[in-house]
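So the structure is just underneath, and the comments pick up after that.
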Amino acid sequence: MSGYRHPRSSALDCILSSFQMTNETVNIWTHFLPTWYFLWRFSMLCSSLDFLTESYTWPLLVYLLLICLYPFTSSCAHIFSTMSAEARHICYFFDYGALSLYSLGCAITYGSYVMPDCWVNSWLHQHFVTIAIGNSLFCTSMSCYSRFVELQFPHKSKILRTAAFVVPFLFDSFPLFYRLLSCCWGSCSPSEALASHSYHLLFAFLTCFLFASHLPERLAPGRFDYIGHSHQLFHICAVVGTHFQMEAVLTDMASRKDWLTSHSFLPSFLGTMGVLALGILLNLGIIGTFSAGLTPRQSTSASSGAHLHQE
């Protein structure tokens, strides 16, 4: 209800606003600071792993690049979204695209390190990344489209945007759900990786709940405008969940290396970095298409409705 910045701010004003208390300040820093944490972890792993020549590490390389990209893009979107109504749309188009690419990176990594033993070399395993590319395009397209119907049909927009991110998450997590259920049924023994995977899933569900529910601000409108509203909590849960996901992937990668390299194909450059490059190009194409489709009327409507909710 309060704490909004001027909707025609300059780039410098947007940057300076990140050091002032507005309703976006905590949103900015809850993703900007984790970007540096993930970059630090990336640099540490670069000193212990051979990303240049060891193909087994390439899925991890893609994943690490994308967990650095998505919080940084989100932070930039929250910083510069008040430059104009059109800029607000485009900033969040890129935010959605980065999250979509992150889901693709998760699929590449899960397909290489997390897949259950009995699913290795199955049809799903062989086509896992291909389907994930389609999910990524669906995610970006649907989330960007949801902005065009936001003012006229806010509930429909919310459902579309939520579904856009839930679908790739559920697909990526199928192998993980199977492993966790197998352990619940006594078919495997608990491991450090599965414990971290469980924490990641817990925070992922909390992230989705906070995004969809708008709690706690809906219970006390205005009281959480600056600190404590759902978008800030959703940011925090997302990065904490990503931390546990990273730890789980690293554990699976190390503990299952001998078995996976002897029973499955090694990751290829085209299947990892090539897929990432293709995903970036296709998502940029989608973002460009939706950006070109913006009209002055839509941009003005978005600006007038900007005070209704957080992105």
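Counting begins at 1 with the first residue displayed.
Keep in mind that glycine also has a Cβ here, set from the backbone N, Cα and C atoms.
Some features that TrEMBL has for this protein:
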| type | residues | note |
| --- | --- | --- |
| BINDING | H78, H231, H235 | Zn(2+) binding site |
| TRANSMEM | 60-80 | transmembrane segment |
| TRANSMEM | 92-115 | transmembrane segment |
| TRANSMEM | 127-148 | transmembrane segment |
| TRANSMEM | 160-181 | transmembrane segment |
| TRANSMEM | 193-212 | transmembrane segment |
| TRANSMEM | 270-294 | transmembrane segment |
So which of 60-80, 127-148, 160-181 has the most C-beta pairs under 8 Å when paired with the transmembrane segment (270-294)? 127-148
Which sequence positions outside the transmembrane segment (92-115), separated from its termini by at least 6 residues, show Cβ-Cβ distances below 8 Å to it? 56, 59-60, 62-63, 65-67, 69-70, 72-74, 76-77, 81, 125, 128-129, 131-133, 135-137, 139-140, 143-144, 147, 164-165, 168-169, 171-173, 175-176, 179, 197, 245, 248-249, 252-253, 256, 260, 267, 271-272, 275-276, 279-280, 283-284, 286-287, 290-291, 311
Most Cβ neighbours inside 10 Å, all chains, among the binding-site residues H78, H231, H235: H78
